[in-house]
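Okay, so here's the structure we're looking at.
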Amino acid sequence: MAADIRVFTCLSDNFGYLIHDPATGATASVDAPEAGPIIRQLEAAGWTLTDILITHHHHDHVGAVAELKQKYGCRVVAPHDKTTAIADVDLRVGHGDVIKVGELLARVLETPGHTLDHVSYVFDADKAVFAADTLFSVGCGRVFEGTYPMMWDSLLKLRALPDDFRLYCGHEYTASNVKFALTVDGDNEALKARAAEVTRLRAANESTIPSLLGDEKQTNVFLRADDPAVAIKLRMKGATAEQVFGELRERKNKS
Ligand code: ZN
Ligand code: FE
């Protein structure tokens, strides 16, 4: 049976996500940014939390784990500790592991760079990927703990997913990402169309997520660091994908 996926806002710009398995009643929260909005969504739907799938150790992703675990007695799934320990974890996962949320299957991709422990969760049957702070719509996360080549390699893992998969990312950063992307990729028709769509959605106070991975492959310049045309736009003809990616990320940091 198809998963029922709910998208809502936590904190100022984090996304909250609930994935519900109608067959068993199991419900997972991807990360735990803030207890209040997650509990309200669960109660409105009449669901009880069975699992928390943690993507990385940053506080805006794990801050509500203790409170939710206390309230629901749910299982907490998290990546292996690489830099900072995540508390209250029941199951540690790494690349290729498959976990069950009821009868739903989620595959773990290690996607380090933003942090060394960062993982993404792929629900293949539902064509959904939860990439948190690795891949944003029209952007990508800052590289805090890893290296540019490491982050680029993580983006390649996500880019390898099929075009009809939906991207559920960690933050509503799309408008700011579009603004930056237009500075390097302003003649990209798909990007211009996405820019208009994002302006319309944000004006209506609607979420820009999920987006289709196929659209990200066209509009997200960070996913095209190996495209010679992007290197030329940056006056880096002949540079490697890692070098182009690093230049894009540094320009975005300064933007
Ligand atoms: Zn983060
Ligand atoms: Fe975050």
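Every residue, even glycine, has its Cβ placed from backbone N, Cα and C.
Note that the structure is a prediction, hence the values are computed from the model and not measured.
Among the candidates H20, H171, the residue that Swiss-Prot names alongside D60, H61, D133 for the Zn(2+) 2 site is H171.
Here the C-alpha separation of H61 (Zn(2+) 2 binding site) and D133 (Zn(2+) 1 binding site) works out to 10 Å. Candidate binding-site residues: H56, H58, H114, D133. Nearest to H171 (Zn(2+) 2 binding site) by Cα distance: D133. Each of the binding-site residues D60, D133 was scored by how many other Cβ atoms lie within 10 Å of its Cβ, and the smallest score goes to D60.
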